[in-house]
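See below for the structure under consideration.
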Amino acid sequence: MIIKNQLIFVNFYVILIIWWFVMGILDKIQKKSEKIEKEKKSETVIPSDTKLKPIEPHPTINKKATVGNDETILDTYSIKIDEIEMEVVIKREEGYIYYLVPEIDKINMSLSKLTKDHLNHIKSQISDLGLIEYDQIREYLTNFSMRYNLAIPYIDSLAKFFYLVIGRLGLLEVPLNDDRLEEVMVNGYNVPVFVFHRKHQMCETNIVLDRNEVDRIIESIANLVNRPIDSRVPMLDAFLPDGSRVNATTADITMNGATLTIRKFSKNPLTVIDLINFGTLDIDTAAFLWQAVEGYFGAKPANTLIAGGTGSGKTTLLNVLSLFSMYNERIITIEDTPELQIPHKHVIKMVTRPARPGMPEYEVTMDDLIKNALRMRPDRIFVGEVRGKEAHSLLVAMNTGHDGALAYDEPIYLSDGNIINIGEFVDKFFKKYKNSIKKEDNGFGWIDIGNENIYIKSFNKLSLIIEDKRILRVWRKKYSGKLIKITTKNRREITLTHDHPVYISKTGEVLEINAEMVKVGDYIYIPKNNTINLDEVIKVETVDYNGHIYDLTVEDNHTYIAGKNEGFAVSNCSGTLHANSADEAILRLTSPPMNVPKIMLTALNFIINQQRIRRAGKTIRRILGIVEIVKGGGEGHEFAKTTLYEYNGLKDSLERRGICMWEEEVCEIAGITKEELLRDRENRKKVLSYLYKNNIRKLENVSDYIMRYQVDPEKLLRSIR
């Protein structure tokens, strides 16, 4: 009886254990099922047939890179994206050029073996397990395929796909990491991505993104740059951390779906040697521009404007020319997109800032930056692109070059023999034209008085003689603070602001410096009859001042004679512009919204016209002409144009045309003959030829040779013979 009861108890205990074990398993299964269901609900589905959808109009582009009768392989190379590499094939077929990623075929075949549930589970697990390395993802996929008995044909390719999709921008990472590309363009949903290749130009890719993927990428970029983009703010314009510029739109304003355009920031910018290789310009023209931009060792740098249409390579040329600046100059760059890469030591890079919705004060325009840059004592200003009123500020900078002014009681010497205090002279016009006063951000007000035809004694820095020049503007602003007072051995005196330029002699050259840099013992230029002479500075002091300070704008020379006891000679930046010719550039500058007075264009030395043209079935970039702006063009004309270089389409080359007045001016200032200037240009051609023949084209290397020439030309020439 006891035994029977024990057996019954034992049986009951065994049944209880079995029941507990079974219920535990069922509970685990239920929890696992709930977890999977939760993952399915929270995870974004990535359908394999949308991200890599074949391109219907040209189905051959999704094939592997094989050459048929009607197709030609133009290029093949690999793109490294952190831990992985992706092959790229450039193919021409029936007049189209395609940028193909052959790995997409393998990825398609592998994804076709997976269901949406598989995809969701894989993504969830990779994220939850923190698998960020390619080898980790590959190992996980290998185990996954074995566990579920899946015949995945290309595990390596599938691992690359998930490596790019999770935490990155998907297959768009391939063109974004290709340094040979200038631009990546997503034109909407379920359409091919296009790219602009430096060598092969516009190409259609076999990368097609669906709505979810395009929106995800744009949202990721917006979060990265901390900028909104939605139905209320349907456009985004910002910079990626690497300097690339991104523009995005939502489907609210673009009919084919959201768009994305990324202008890539080049890690290896083109140099003058690259442009010579491309045929954009030749060695002779390059040597001329080197000499002009540098100004023959800084004697007279040329103010230069680059004009051209969209995609003509204006900014690339500007970056190339910027390398020719003297190695020790203070350079300020002003751009919408930070593209200029100048390897000099003393460079300040400034970028505009667009307004935000409801925050117009957040905007910083190019005009704002130019005006601010002028207060930063730059030797050079490079402006990325001129579109509006900043053109006026830029030309004012070229014409005046400073914010300095004189004290009220400083005499000025008019051409009719009258000597009058500058304050009295200027105040008269401020009273006469009180309704025509224009204001600048630096506090100055000014009035145009060119129609008054009042002439003043002016110092010609080239001929070193005194000339009669017309006063174009009068300037005035309120000031309280310290002024500089300079006294010479012959008792000449002048009191002016610290930043007003005067002229001293140094090693036989005319040197323009600010008043605060004048030292006792310097020899300063003074007028004597109708020529110029030197007087020794015996005293430089600061004095307190409270009242208005004054200045003039004088045509041509931009100098005038001012100061007590017969006075002193006192004084009064490159950019790109959308235009298809020098004439169109001038028309745009002098028309709304730029409205630059024609008289101010004489501050420009050269206009370079660069365009994108079609030749032998290819799009190429060429300098089509270099025009010089010279003062005076006959009666009723403020300036004249001389074509120095002109493109010959038959020969595909630039040919020298007219006589260059800048060459005459720089010879006068530098104290050299025309033969010496041309001999120096030949030497520069030797340097460029050496770099070209030896394929020395990297930015840092080309810049080093230019700097070495500027420091010691003969030493460099000996080293390359």
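Yeah, the Cβs are placed from backbone N, Cα and C, and that goes for glycine too.
Swiss-Prot lists GLY308, GLY309, THR310, GLY311, SER312, GLY313, LYS314, THR315 with the feature ATP binding site. What Swiss-Prot lists as transmembrane segment is 6-26.
Within 10 Å of the Cβ of SER312 (ATP binding site) there are 25 other Cβ atoms, across all protein chains.
Within the same chain, residues at least 6 positions away in sequence whose Cβ sits under 8 Å from that of GLY311 (ATP binding site) are PHE196, ARG612. Each of the binding-site residues THR310, THR315 was scored by other CB atoms within 10 A of its CB, and the lowest score goes to THR310. A sphere of 10 angstroms centred on the C-beta of GLY308 (ATP binding site) encloses 25 other C-beta atoms. In the three-state DSSP scheme, GLY313 (ATP binding site) falls into the coil class.
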